[in-house]
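Student: Please read through the structure below; I'll follow up with questions.
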């Protein structure tokens, strides 16, 4: 099937959902060669992926994933980004996840090691003492104990190994950069999802709706795959099956502007120190952007009527020590070392 799909996509023809799902199933089952996968991904990138294609790819990846047994998704939130923005910031969405959890929002964060950055979410969590390699049958236990669980993507998507060589060798962004945040095996009902290009906010929000998400904000701000404090943020929000687009500015919520340079990170130990400082209540640009993103996650989780209310809950989560306590609980629940 993939050979026929390469020919169709190379001529500019969109794939049907069945065709797209079939190609991804071939890739996930090791039935396509690296050359075929690389050719397909490159042709698809040149044509441009449709919402229907991306949704079909995501469904096929989810079908090939290691299952996680949890109750119905409900208000569980994932704070995740595509990466690839090249900004080299500290792990903002990971910090926001602990703040949201401290405000009472169950968080199932899907992530990986650094690919386009020096420090991915798994890297910084390990530096903080979290054991990221918990088996699928313990995710529910960890979530109940800590209010937050981390799902290390390679442990749940082993079939991705078949695409690894092709992705490395072609060296360009492909649809797989989008699929990671769309394939959380724990079935989060709400997503705060950052993308590396503002043009992706609307289509990715539509994909999430197609995949059954209840709530989502797909965001890109000032060159970051986050809600930004350095400038306006483009948002596509999914709610009630409808997607609306708008621009927001941190100053609307009383959050001061700051430069991207003030948010620069480094390796795992450096980023862990920054994250710990934020969770311990340190003031400054790092806290400000975490409050903004955590406020959105809390809003998506149903604990606030809007981002402003979410930010108020986020401030309480930090100032009461609840966010830091969620980190402590996660370390204990995963058997890590503080």
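Using N, Cα and C of the backbone, Cβ positions are placed for all residues, glycine too.
In case it's useful when we look at the structure, here is the feature table from Swiss-Prot:
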type	residues	note
BINDING	81, 84-85, 89, 91-94, 109-117, 121	5-phospho-alpha-D-ribose 1-diphosphate binding site
BINDING	81, 112	anthranilate 1 binding site
BINDING	93, 226	Mg(2+) 1 binding site
BINDING	167	anthranilate 2 binding site
BINDING	225, 226	Mg(2+) 2 binding site
Student: To the nearest whole angstrom, what is the C-alpha distance linking residue 112 (anthranilate 1 binding site) and residue 81 (5-phospho-alpha-D-ribose 1-diphosphate binding site)?
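Tutor: If we compare the Cα positions of residue 112 (anthranilate 1 binding site) and residue 81 (5-phospho-alpha-D-ribose 1-diphosphate binding site), the gap is 11 Å.
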Student: Other than its own, how many Cβ atoms are within 10 Å of the Cβ belonging to residue 89 (5-phospho-alpha-D-ribose 1-diphosphate binding site)?
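Tutor: For residue 89 (5-phospho-alpha-D-ribose 1-diphosphate binding site), the 10 Å Cβ neighbour count is 24.
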Student: Which residue, of the binding-site residues 93, 112, has its CB surrounded by the fewest other CB atoms within 10 A?
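Tutor: Least crowded of the binding-site residues 93, 112, by Cβ count within 10 Å, is 112.
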Student: Taking 10 A as the limit, how many CB atoms besides its own sit near the CB of the residue listed as 'anthranilate 2 binding site'?
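Tutor: Counting Cβ neighbours of the residue listed as 'anthranilate 2 binding site' within 10 Å gives 19.
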Student: Could you find out if DSSP has residue 81 (5-phospho-alpha-D-ribose 1-diphosphate binding site) as helix, strand or coil?
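Tutor: Reduced to three states, the DSSP call for residue 81 (5-phospho-alpha-D-ribose 1-diphosphate binding site) is strand.
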Student: For residue 112 (anthranilate 1 binding site), what is the secondary structure state per DSSP, taken as helix, strand or coil?
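Tutor: Its secondary structure by DSSP: coil.
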Student: Quick one: of 81, 110, 113, 167, which binding-site residues lie within 10 angstroms of residue 225 (Mg(2+) 2 binding site), measuring between C-alpha atoms? Sequence order, please.
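Tutor: Candidates kept after distance check: 81.
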Student: I'm trying to understand the geometry here, so how far is the Cα atom of residue 226 (Mg(2+) 1 binding site) from the Cα atom of residue 81 (5-phospho-alpha-D-ribose 1-diphosphate binding site), in Å to the nearest whole number?
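Tutor: So the Cα of residue 81 (5-phospho-alpha-D-ribose 1-diphosphate binding site) lies 7 Å away from that of residue 226 (Mg(2+) 1 binding site).
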Student: How many whole Å apart are the CA atoms of residue 113 (5-phospho-alpha-D-ribose 1-diphosphate binding site) and the residue listed as 'anthranilate 2 binding site'?
Tutor: 16
Student: Is residue 225 (Mg(2+) 2 binding site) helix, strand or coil when read with DSSP?
Tutor: coil
Student: Between residue 93 (5-phospho-alpha-D-ribose 1-diphosphate binding site) and residue 167 (anthranilate 2 binding site), what C-alpha distance do you get in Å?
Tutor: 25
Student: If you count Cβ atoms within 10 Å of each one, which of the binding-site residues 110, 113 comes out on top?
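Tutor: Of 110, 113, the one with the most crowded Cβ is 110.
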Student: Give the sequence-ordered list of residues that share a chain with residue 81 (5-phospho-alpha-D-ribose 1-diphosphate binding site), lie 6 or more positions from it, and have CB atoms under 8 Å from its CB.
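Tutor: The list for residue 81 (5-phospho-alpha-D-ribose 1-diphosphate binding site) reads 93, 181, 193, 194, 195, 196, 225, 226, given in order along the sequence.
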Student: Out of these binding-site residues, 225, 226, which one has the fewest other C-beta atoms within 10 Å of its own C-beta?
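Tutor: Among the binding-site residues 225, 226, the sparsest Cβ neighbourhood within 10 Å belongs to 225.
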